[in-house]
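*Asks:* Here it is: the structure, laid out below.
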Amino acid sequence: MGEDQGFRSGFVTVVGRPNVGKSTLVNRLVGSKVSITSPRPNTTRRPVRGVLHRPGRQAVFVDTPGLHRPRSALGARLNEHVAESLEDLDVVVAVLDATGDVGPGDRLVLARSLAAVGDGRGQERMLVVLNKLDRARPAEVLARLAQADQALRDLAGSGHRVELYPVSARSGRGVAELAEAIVARLPEGPPYYPPEVLTDLPEEVRVAELVREQLLAVVEDELPHAIACRLVEWDWPRLRVEILVERPSQKAIVIGRGGAVLRRVGERVRRQLPPGCYLELHVVVEPRWQQRPDAIERLGY
Ligand SMILES: Nc1nc2c(ncn2[C@@H]2O[C@H](COP(=O)(O)OP(=O)(O)OP(=O)(O)O)[C@@H](O)[C@H]2O)c(=O)[nH]1
């Protein structure tokens, strides 16, 4: 008899259109910021794992990029990540946005999720989350729940076994019930991570992601898509992050007048790092990197 007998664990893939709140939800479920978030679509560029520990249970969430119609090699890569994360899972959580109608993009997400869990009882391993409850009126929430249920009926028949959970990832409302439902669906399995581990994201990637998150918060317009970040030097307390953009005009925006934008970003990132670190930000022009598979691979996306 192994010491893990009776332990339950599994991989829980979180999917949805861009911007529906997948990363915010995973952070809330894990109780720690494992994935960066922003009001811009396609913020998440690689699957990020976040671990929820419960006595005798462990859920490994996989936060995926938003499923979308790709317009670049990067976009295609993001969708590939979603497809790969749907290949081997124990539970799938499909996230919809309560503030808008259930549309064709959502139906694609539901169809892919259903395909991942299979028919009949397999459907019990799929949960649909209606997020951003705090921003929708009760009547809207009810209408969207009905739309989601109808979409599931269209795809899987009227006897489908998929449960729906209205939540607010931002306020936390409904998230405890969702966590219970997910944990109850975990199969028997070993703990994959030690209790102190909340994410598998390497520290150097996390620092680069924090820089990108603050750039997304500070820089206006369409530019965020053209930004990528990587940590190129790590010699504690000195950190150097390279910010890639596609054009010299974008470089000027990211630097800001007299370096104002970079300074603001640096300050906001440093507040989230251990005290005493020296963060250097350096902007580099890498033409058309979003269209170049070699550049995308080098960036680890
Ligand atoms: N009002 C409200 N806003 C939310 C909620 N959850 C997420 N958001 C906001 O929605 C935006 C997108 O959230 P993310 O968590 O980055 O969304 P995502 O689905 O991971 O986005 P992609 O990486 O683009 O796929 C952010 O501005 C969040 O603060 C919620 O429950 N209520």
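Cβ atoms here come from the backbone N, Cα and C positions, even for glycine.
As annotated by TrEMBL, domain 'Era-type G' applies to 8-188. The feature GTP binding site is assigned by TrEMBL to 16-23, 63-67, 131-134. The feature region 'G2' is assigned by TrEMBL to 42-46. What TrEMBL lists as region 'G3' is 63-66.
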*Asks:* Fewest other C-beta atoms within 10 angstroms of its own C-beta: which of the binding-site residues Asn19, Thr64 fits that?
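*Replies:* Counting other Cβ atoms within 10 Å of each of the binding-site residues Asn19, Thr64, the minimum falls on Asn19.
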*Asks:* Per DSSP, how many helix, strand and coil residues does the region 'G3' (63-66) have?
*Replies:* 0 helix, 1 strand, 3 coil
*Asks:* Three states by DSSP: which one describes Gly16 (GTP binding site)?
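*Replies:* The residue in question, Gly16 (GTP binding site), is strand (DSSP, three-state).
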*Asks:* For Lys22 (GTP binding site), just give me the three-state DSSP call.
*Replies:* helix
*Asks:* How many other Cβ atoms sit within 10 Å of the Cβ of Leu133 (GTP binding site)?
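*Replies:* Taking all protein chains shown, Leu133 (GTP binding site) has 22 Cβ neighbours within 10 Å.
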*Asks:* Sort Leu67 (GTP binding site) into helix, strand or coil using the DSSP assignment.
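*Replies:* Reduced to three states, the DSSP call for Leu67 (GTP binding site) is coil.
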*Asks:* Tell me the residue counts in helix, strand and coil for the region 'G2' (42-46), as DSSP assigns them.
*Replies:* 0 helix, 0 strand, 5 coil
